[in-house]
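Below: the structure, in structure tokens.
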Number of protein chains: 2
Amino acid sequence: MTIKITPSYKEISDRKVKARDAKFIKEWLAPESILPDSSVKDVTKWIKESGCLNDLELEITEADAPTIIENIKTKKWRAVQVAEAFGKRATLAHQLTNCLTEIFFEEGLQTAKELDEYQDKTGKTKGPLHGLPVSLKDNINVKGHATTIGMVKYCFEPEIMDTDSVIVTLLRNLGAVLYVKTNVPVAMMMPETTNHIWGNTTNPMNRLLSAGGSSGGEAALLKLKGSPIGIGSDIGGSIRIPASFQNLYALRPSFGRFPTYGARSGLPGLESVNSVNGPLSISLESMETYCKAIIGQEPWNHDAKVIQMPWRTVELPEKLNIAVVVDDGWVRPVPPVRRGMNIVINKLKEAGHEVIDWDPEDHLRASQIISGFFLSDGGVHIKEVTEPTGEPFFEYMKGYETATELPVSELWKLQAERTTLMKKFLDRWNATASQTSNNKPIDAIIMPATPFAGSPNAKFRDYVGYTSPFNMTDYAVGILPVTRAVKDLDLKDPESTNHSKTDTTIWEDYDPEEVHGGAVAVQVIGRRFEEEKVIEMLKVISKLLDHSDI
Amino acid sequence: MTIKITPSYKEISDRKVKARDAKFIKEWLAPESILPDSSVKDVTKWIKESGCLNDLELEITEADAPTIIENIKTKKWRAVQVAEAFGKRATLAHQLTNCLTEIFFEEGLQTAKELDEYQDKTGKTKGPLHGLPVSLKDNINVKGHATTIGMVKYCFEPEIMDTDSVIVTLLRNLGAVLYVKTNVPVAMMMPETTNHIWGNTTNPMNRLLSAGGSSGGEAALLKLKGSPIGIGSDIGGSIRIPASFQNLYALRPSFGRFPTYGARSGLPGLESVNSVNGPLSISLESMETYCKAIIGQEPWNHDAKVIQMPWRTVELPEKLNIAVVVDDGWVRPVPPVRRGMNIVINKLKEAGHEVIDWDPEDHLRASQIISGFFLSDGGVHIKEVTEPTGEPFFEYMKGYETATELPVSELWKLQAERTTLMKKFLDRWNATASQTSNNKPIDAIIMPATPFAGSPNAKFRDYVGYTSPFNMTDYAVGILPVTRAVKDLDLKDPESTNHSKTDTTIWEDYDPEEVHGGAVAVQVIGRRFEEEKVIEMLKVISKLLDHSDI
């Protein structure tokens, strides 16, 4: 047996975690003794019941963004009170799920103080988000802080950022209060949130389950109301998977609608498919407030890739035409997800909307193309970042270790195929007009965001084929919470469909007891750049659902 | 000495030219005997004076698109009359400049006949372009015809297209009459229009000069009024260079505004910089009519890469802020171009607009990045197309023969650099606000489209650095005709600036006698997606200029 020297990555990570922990405000931490034992799975009600927050702090942190903004405007609440309440709650959320990375509560409080002073002095608010705390995924650069994206090399100098991402500049202009960044998987390229610095983020609805990824820290924090609105990013499902795992609302916008410039990418320079950022929240209203505020800043004057498109008013038809996919033919969703889809379908029909089937014929290929793009540099960049510290590859990331780099001529072929497939999706979308009773094409496709109602930590099976086809098409996609897994309702299927090896494995893995309480959410997929319409559809469909226990 | 077998490419080319020539309508051809001798340089007035067209045909072909459409609507002219007039004139234009490739006059006449019948029967027109002839660059697919892009392999079956490009579908829906396609350089990757099938297209303003490229066939045809509006494409300057060489109006839109799907690319799958298509015309009104009609068709429902952005009404400020570049520091424009810039600058100032300088500091690097993208596949694709027929490489294309293919990781670096540079351009544009008297940023940059007022056939020096930076930034750019080169005014500079080797060569080449009568046009560069504003600015600035002899 060889004796190994502790690899340098461990030392750096330990130092980084200690540095973060030193930034917690001591009085805000719950004593270890009162924290729920790790055997307690569902911790979503713990904070409220713990006594750690007073009534006002609870009232503030349970409010949605419009309410917070309005109450600060009228001085019912001050920005500092709001920042404190969310800072405390974020601290507790972290203690329960390990969701935070960079912590800058003091800066947030300072910003809030300045906002209060500004308001007192001028009688005005600084901007449409005056005093609103906003949490950020740890790929977004904030001046003076690291952006680790879960990679050890990025922990310390010279990797402390000296400029803000464009989205941060806009948030500051709007009067938002920034106070935390949240955990992600290595390079943001896994659907579970774990890495060699911060470790794993668990799911507050069932801590045996993963928070999902890559915006998993955000999703766990938001679920526990440690933030009213958070920003995630999505290149293959990274907003949608964690949002669906935590039953949040979320929006994956089309590329070019929201500013992405100056954020750290796991695969910088990749453009065959573009990472986008978008909001996640327990509140649809909070999400809409965020979108209007950001677009209202004319982000096209700040990010050269954003298009000149103001936030538009959309009127939905009374009767929506919806196409659905319950099973994509490659991986059948587990029983609670299928039950969730049926709830949505039945509610839509009851309300008089028309439901037709969407044939997922090209989804698998679309998903393969996206994977091909991710791996097209043969993992050269990822290896450049991991090698200096010796941080090892997680099993899920092995593809980046072993991939063969493509020559550009091969990439061009893959890009050309993708363009053809985008056109086919568009034509098929238009052609649904021949299947609906009003001869209009569908307004949306509704389908699961993953085959899972949560997946046990470290066990996410290698399949993002429910989300990544819409990165390929670049459609605007919303996440709609539906219900939770119930062990007595969502029994194991008697037989596997054997669609594929992954499908069989997932069938074998499925344990109703294990995923009990896991989230069931679906995607509401609009056309490219139909962000406004997607939000309107989320509103309409949400009203049909019973959300009393999501 | 080795005896060579005639290479197969020659046989194929000869056969292709014969096939095209057989498609001319005999009665429309001018007898060889009356055609101007090749020593006649300026043939822009020849058609009108030749007697080949009758008065009505002259009236029709001298009209702009709105007039043609209106006169067909009121039945003053019938669509068939219009199609005949332009067919005849296009035939003559071809005899003068060698501008046509695919010819389908019979189909155009048949379309026109059906349009007339439709109008007679229904009392309505088919669409906003009912009866308007539109010429197409030979990269646009028309069902039943080849799309050679100047490459021998694409001449015959199995390369006869079985579907239309999206832009063609829209034109047919709008009631346009399609009748010709126009010449391009090999793969559309040279700034002069020549290839091994069709040969060289000359410039009707001075046939010693090149028509420019790659949309050179279009530009020559349009200059001779063989078409009221034509569609070119631009990935490095391919609309703007020939438009400026023929003193036409033209628009290079941002990518995603006009549909490009289903056209043949010289470098298919290249997306680091995107080819766009846009209109060229002698008439600004014709160009605007075309833009409104195409965007009115909601092209985003036909091409998955077009964004949902209707044609917008734009109100210009009374006083424009304009930044200018007279010399980019790498290649100084020849004297007539500098004189043209001075005309524009003086007229702008006289009219009360504000003129400041734009520092072209990053133009050279932008231009190099674009070249890097073109060559990033190491010419693999181009060689795949040339090798089967053995067609040789033109000198200008040698780069594609010798380039080294990049691995994807290197491409990503170049793309990341481009994104950073796009942001820098945007920030610098915004920062011009500090230089203007009303503290508003510039409305446009005005600069030459090439350093040349036309360049002698086969002598275009390797520099497209006046156009390609705006492919990198993806800005909306218009071409504005200004004046013509005058041998007695545009004397050779006493000394070279020696900016660069290319600069010195161009100085050595410059011969006022040779380029006499050549066109002088400039670029009017707006921000990304500001197509409407660019057209409005072209209107305003055109009115300041004396266009009596362009």
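Cβ atoms here come from the backbone N, Cα and C positions, even for glycine.
Unlike curated entries, TrEMBL annotations are predicted automatically.
Quick caveat, the model's predicted, so the values are computed rather than measured.
With A:Met188, A:Ile235, A:Gly236, A:Gly237, A:Ser238 listed by TrEMBL as binding substrate, the candidate from A:Ser210, A:Ser214, A:Ser227, A:Ser254 annotated for that site turns out to be A:Ser214. According to DSSP, A:Ile235 (substrate binding site) sits in a coil region rather than a helix or strand.
Reported as a whole number, the C-alpha separation between A:Ile235 (substrate binding site) and A:Lys137 (active site, charge relay system) equals 14 Å. Other than A:Met188, A:Ser214, A:Ile235, A:Gly236, A:Gly237, A:Ser238, the residues of this chain whose Cβ falls within 8 Å of the Cβ centroid of the substrate site are, in sequence order, A:Met189, A:Pro191, A:Gly213, A:Ser215, A:Ser233, A:Asp234, A:Ile239, A:Ile241, A:Ser275, A:Val464.
Checking each of the active-site residues A:Lys137, A:Ser214, A:Ser238 against A:Met188 (substrate binding site) by C-alpha distance, the shortest gap belongs to A:Ser214. Taken as a whole, the domain 'Amidase' (A:82-534) shows an average pLDDT of 97 in this prediction.
It is 5 Å from the Cα atom of A:Ser238 (active site, acyl-ester intermediate) to that of A:Ser214 (active site, charge relay system). Just so you know, of the binding-site residues A:Gly236, A:Gly237, the Cβ with the fewest other Cβ atoms around it within 10 Å is the one at A:Gly236. On a Cα basis, A:Gly237 (substrate binding site) lies 8 Å away from A:Ser214 (active site, charge relay system). In the three-state DSSP assignment, the secondary structure recorded for A:Met188 (substrate binding site) is helix. When the Cα atoms are compared, A:Lys137 (active site, charge relay system) and A:Gly237 (substrate binding site) turn out to be 14 Å apart. In the three-state DSSP scheme, A:Ser214 (active site, charge relay system) is classed as coil. Around the Cβ of A:Ser214 (active site, charge relay system), a 10 Å sphere holds 36 further Cβ atoms from the protein chains shown.
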